[in-house]
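**Q** Look at Swiss-Prot and you will find GLU113 tagged as active site, proton acceptor, backed by sequence analysis. What Swiss-Prot records for 120-352 is domain 'Radical SAM core'. According to Swiss-Prot, the feature disulfide bond maps to CYS127-CYS363. Under the heading [4Fe-4S] cluster binding site, Swiss-Prot lists CYS134, CYS138, CYS141. The annotation S-adenosyl-L-methionine binding site is assigned in Swiss-Prot to GLY189, GLU190, SER221, SER243, LEU244, HIS245, ASN320. Under the heading active site, S-methylcysteine intermediate, Swiss-Prot lists CYS363, citing sequence analysis as support.
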Amino acid sequence: MGVTLDLARAPAQPLAPSRPNLSGMTRAELAACLVELGVVRPEKAKMRASQLWRWMHHYGVTDFEKMTDVAKETRAALAEVCAISRPQVVERQVSKDGTRKWLIRMAPGIEVETVYIPDVGRAGALCVSSQVGCTLNCTFCHTGTQALVRNLTAAEIVAQVQVARDDLGEWPSPKEDRRLSNIVFMGMGEPLYNLDNVAAAIDIIADNEGIAISRRRITVSTSGVVPELAALGERTQAMLAISLHATNDELREKLVPLNRKYPIAELMAAIRAYPGLSNSKRVTFEYVMLKGVNDSPAEAKALVNLLKGVPAKINLIPFNPWPGSQYECSDWGTIERFAAVLNRAGYASPIRTPRGRDILAACGQLKSESEKLRASARRKLAAGG
């Protein structure tokens, strides 16, 4: 594991500049801002916004002086009244398996963790957060022990992608052989409780003249906020993942308390009606394997029956341990037998290889350990260490 920044030496600093940060604005917001600031005339706002957009999101430029096709006097005017800012990277960790994790400070006291998971070859996925903390209290998830602070803005969601691109050296946006090829909203928070900002961020990330990651390579994972599922599909055209983990209400209510509000029957009805659902646009069901809890052959058969007729694949996730958890991971043989039942029924059911466990970057491990480390650093500083 490599840690490149010391938390004890990274005091809180305000992210928000005194000037507007253009980096996370939509195209329309960007054009309107340029007019409001008096940088361009209204009739030229759309053209100038397109120029800036390409420099910011295709080339990753943060310095107006590098925008060579923008007039010199316009560059100077932009630098005086606005900014292109990145959030502060408080800590960067690299796992022995190549997984990278960044602790990113969006504003004083507003910090999230973002994880890059390399795949075979050059491809890889970026796991982004949508909220600071979480309200769902899923009992197997370490993130759920962190109380919700607030939603992230669209700019703060996009900033996670920009930070990763900076670190991976992927500017300008490559057309092929990308190291960062997929985006998964599987970090901190419930994306559907922040749908407006998630949808706006996806619009920016998917724009073909910018970061240009296809919507078919963007997956939004939800624990099942049923009233927002249709809107998610209509507004984002993103791939859908469901954090399921159980096949009956009694067990799922223990694992995912949100099930008390939106039980499985309601959830499955909303999934079957998800816009664009087809064999080429399957739903991914996430199923964490908990020893003696949800890993029996009977549960596997019940899962097959539950998903009957739904174009789906099932990701089996070995439980990633964290301090104080009441659960253990299922034995590997048990997981393989569970997968075999699903495979025989015709469902792709890959067993997710745990990645980044040594830096607490694996599924369900985010955030809380960083909080402990920061608290320890504060105590050390207070003691004069």
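Including glycine, each Cβ sits where the backbone N, Cα and C put it.
How buried are these features, and what lies next to them?
**A** In the three-state DSSP classification, GLU113 (active site, proton acceptor) falls within a strand.
Sequence-distant contacts of CYS127 (disulfide bond), defined as residues of its own chain at least six apart whose C-beta falls under 8 angstroms from its C-beta, comprise THR114, VAL115, TYR116, ILE117, VAL184, MET186, GLY187.
HIS245 (S-adenosyl-L-methionine binding site) falls within neither a helix nor a strand when secondary structure is assigned with DSSP, and so counts as coil.
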**Q** In whole Å, how far is CYS134 ([4Fe-4S] cluster binding site) from LEU244 (S-adenosyl-L-methionine binding site) when you measure between their Cα atoms?
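**A** LEU244 (S-adenosyl-L-methionine binding site) and CYS134 ([4Fe-4S] cluster binding site) have their Cα atoms 17 Å apart.
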**Q** Below 8 Å Cβ to Cβ and six or more residues apart, same chain only. Which residues does that give for GLU190 (S-adenosyl-L-methionine binding site)?
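**A** Expected: SER130, GLN131, CYS134, THR135, LEU136, THR222, SER223, VAL225.
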**Q** How many other Cβ atoms sit within 10 Å of the Cβ of ASN320 (S-adenosyl-L-methionine binding site)?
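**A** Looking across every protein chain shown, the total is 23.
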